[in-house]
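A.B. asks: Please read through the structure below; I'll follow up with questions.
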């Protein structure tokens, strides 16, 4: 804003104030002043300091170091040069250390920390800085790239574990706070609300069911805590939507109910086991329904079948429309992916749907999902 505009605004404000003051002197005394609140409202918190104080000791800063090998291409590396002079002039690879940072959450007193897989997946060294200032070496106990979660282990006892809430109970409009280490400045708390739940189709992870929030999340917050107003963990901060690389009011967190289940599997069996059916699905749009002669867009179109997979053995065919798997009625291809993934391998499941204009029912035996498969 220019100085001229600012000055004009200020002058206008002063004039308006004088007129208002003059009018007030003409009003009856009952209209002159508004009542003064001497007590704070009792129907909601005005400070979240207690919630933050309960949570902060269980949020850690994570620093990683990765050795990167680089080879610069020079004239001596050209095939023709090497043909005449051999490899004695060939440039030698160089190494450099690349550092990155993130955050994590202590889930139990034994030193298990939940964070994002992308924070640590390429790290040669992982250092964890606790809220009390201690710096400890960490190792990866297990990871799940398809949900971008990883579990770290540090050698420490009696750690303050975070209080875990229920992300299934979150409602749009609930107050949430993000705790992490943005840009490495140190532990930072930001506040926002739940903007949406169940966000998917973002192309971030294979399995997506994000909490969307406008609490400020920046580089370094990844893996940190998203808590509710009671200081309970409801999500793991993961990503932001941004055209500039910085915060623009749209952040995403993995619901704690999903994250906790992934961590429990990793601690129990060292990896995440998911069900698999061997199909590729396609959402049914109105245009697709018209072209297939369908009267509704409900269900998921089977676009492809893996030969010899569970769906193939069950008699499912390309072009079938799946309307039910067990007790679930999928409405998108990603939903089928999640429904089947939640089933234990060797589970027998009933599949219902449409084949042309007639109903069909089939029984498939779920197998373990190979990496990056449907």
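Here the Cβ of each residue, glycine as well, is placed from N, Cα and C on the backbone.
Remember, TrEMBL labels are computer predictions, not curated facts.
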A.B. asks: Check TrEMBL for me: it has 118, 220, 221, 222 binding substrate, so pick out which one of 148, 155, 157 it puts in that same site.
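C.D. replies: Within the candidate list, TrEMBL flags 148.
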A.B. asks: Averaged over the domain 'PDZ' (292-337), what pLDDT does the predicted model reach?
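C.D. replies: Averaging the confidence scores along the domain 'PDZ' (292-337) gives 91.
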A.B. asks: Using an 8 Å cut-off from the Cβ centroid of 118, 148, 220, 221, 222, can you name the remaining same-chain residues around the substrate site, in sequence order?
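C.D. replies: In sequence order, the nearby non-listed residues are 102, 103, 115, 116, 119, 219, 223, 224, 237, 238, 239.
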A.B. asks: How many other Cβ atoms sit within 10 Å of the Cβ of residue 118 (active site, charge relay system)?
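C.D. replies: For residue 118 (active site, charge relay system), the count of other Cβ atoms within 10 Å is 20.
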A.B. asks: Could you give me three numbers for the domain 'PDZ' (292-337), the DSSP helix, strand and coil residue counts?
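C.D. replies: Output for the domain 'PDZ' (292-337) reads 10 helix, 12 strand, 24 coil.
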A.B. asks: How big is the gap, in Å, between the Cα of residue 148 (active site, charge relay system) and that of residue 118 (active site, charge relay system), rounded to a whole number?
C.D. replies: 6
